[in-house]
């Protein structure tokens, strides 16, 4: 303020008598008041502090600029005192019933008043002032009807800066002001065009749209206020010039005043303008249509915004997934058993590069190569091996063990998958198919009632054909196409609608879709559209014959081991790898609270589907064993192998009615397993429980590499566990001590007390590697003394009464 040499007239706060609130300016509220000492009605704008507005007003003096009287400088009371415009703001006048009296002369007079006031600010004031917030609310009507420009709170001296902050109200703001770009005085020209549009249409600019929406429409879509088609041409041209996107093309206020004067001399313009003003009902629909279009555009924008947010969310998830994948080392090839030392070197490099302590682990890749670690050796490495190689950090050892375990798990899961790219030079794979005949019977149950309106019906689908055909049906879907009925999908028989449907509509049909399992090569599904008609007699069923071409699973692998997906795999190495994984899973699951799998009796079968499945797996020759332990290789050609295995695994082994005997119903089956147990169970127990020699255990003449490596890693049973689970027939006199040796189960260690007896049994191994076992039948007295309840408890596969 001192730079301009302005001296303010200071008015005491007590010298003012305040009345009602007249509205608000840019940075304060305006009140009507009486300047007591001067006996003058004034307007007082209360402020938190005196800023640039008083500085600007103090140097301005024009008929169309609000007159400045002085300031209030009594803390905390600060304010600006100006003349009072008794007729209110131009905005209030336009949006009231008084605006209906406006005519061509009225509009021209007021348009000229505003233009002259703005021309004074730009060209004739002591310092050029850019208002930047010109709008109908900041134009007031004095008592004599003259328009005066007020509220300079957003104004700037042009020689101070031309880069303005975001101020003003969006519908009146020029695009460069909205974007906070450097501005010139023509930004006020844009606002003047909006004020002139308000006087012509007596409408609120961009009514119903939010400020930011208007800003987006003006800047991004280059939208402007609608100029009605019946608007006089001279006014329309002036508005278009004021709203040019390029600020340099807009006219100055000197040019606008000249245009208004020429329009006043046009004798035809008054009639055109008055006709336009009085026929507002005809052209108002054009403005409303534009507003509706802009609102729809805004709604589409909101929808696109939500869509973009959803896409951004999905991209973030995808980015996170890629980040997680990037932390997984790249594999030289999926056939880990064929990895060379260089392949292992590459894998370790990828692994240590992803770790946090990559600098400390950078030399480990060379360490693996120096120790000649190939793919087969890599998957069998243990903690002691890593220490022997020179990896002493416990954290680094855990890091490598976790990576190797994950690599082993992934390899075993993918072992039986066929290659994506087949070798053209190799032998063609056997592709066996079998044909299953199936007849699908479609019909519906009908309760006739009195007619089609109150009858009840429901659709069904039956099957006839080969017994195994039902195992190839994945699901059956009934679609009635009724508005209040849902699509019914069933995965197991009986395939019939659960609820009755009341009434039969005209041309009522039901679309039945039968989907087959993945091992059905053709067809993948069968569709049938069944017509529902009302008839008191039994409706005729429709039969559709289907031939299913079944792709036989693992048939070529069982008949020809060389045709497996990985024929070059080392069976002994894979068996060792599988046994190691089973042992690691066993140690992890011993701490779980499952009463059966967590008990000391089942350390070996903790990761098996059922006891029977584990026994069958133990009896299967090595050449037919699959790596995945949850599939029974002896039934690999059966299409229902997974379903049966899953059903067996769901049995509760601890329940009374679902013991091991429930897994085999026929006596011949139990006898067959009894014969096998005599020949194989003792042999397996001896080889699995032989004491280890050295770190990896000693190799016996008849033991497999996998069993000799893990021979010393099974848990011994405590005496309390044996005493708890013994059958009552074991509680005999001390003379029967030699008959209290419990029946061994494959994979279970011998009791410490019976270890010496096991050694004796091992010493009696015959030439073929089988163990001689003498069985003694109970006397008639012992058998008769056994209760029926005890007989039931002891009658299950896996336990033998001595």
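A Cβ is built for glycine as well, from the same backbone N, Cα and C atoms used for every other residue.
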Where does Swiss-Prot put phosphoserine, among 229, 555, 650?
-> 650
Where does the phosphoserine label fall among 37, 180, 649, going by Swiss-Prot?
-> 649
Look through 634, 700, 706 and state which residue has the annotation phosphoserine in Swiss-Prot.
-> 634
Stated Swiss-Prot location of region 'Leucine-zipper', expressed as one of 265-286, 287-308, 309-330, 331-352 = 287-308
Go through the chain and flag residues at least 6 beyond the ends of the region 'Leucine-zipper' (287-308) whose CB is under 8 A from any CB in it; none is fine as an answer.
-> 201, 203, 206-209, 213, 216-217, 221, 223, 226, 228
List, in sequence order, the same-chain residues at least six positions removed whose CB sits under 8 Å from that of residue 275 (phosphoserine)?
-> 230
Measure from the Cβ of residue 30 (ATP binding site) and count the other Cβ atoms within 10 Å, all protein chains considered.
-> 21
Which of the binding-site residues 22, 28, 30 has its Cα nearest to the Cα of residue 133 (active site, proton acceptor)?
-> 28
For the region 'Leucine-zipper' (287-308), what are the DSSP-based totals of helix, strand and coil residues?
-> 22 helix, 0 strand, 0 coil
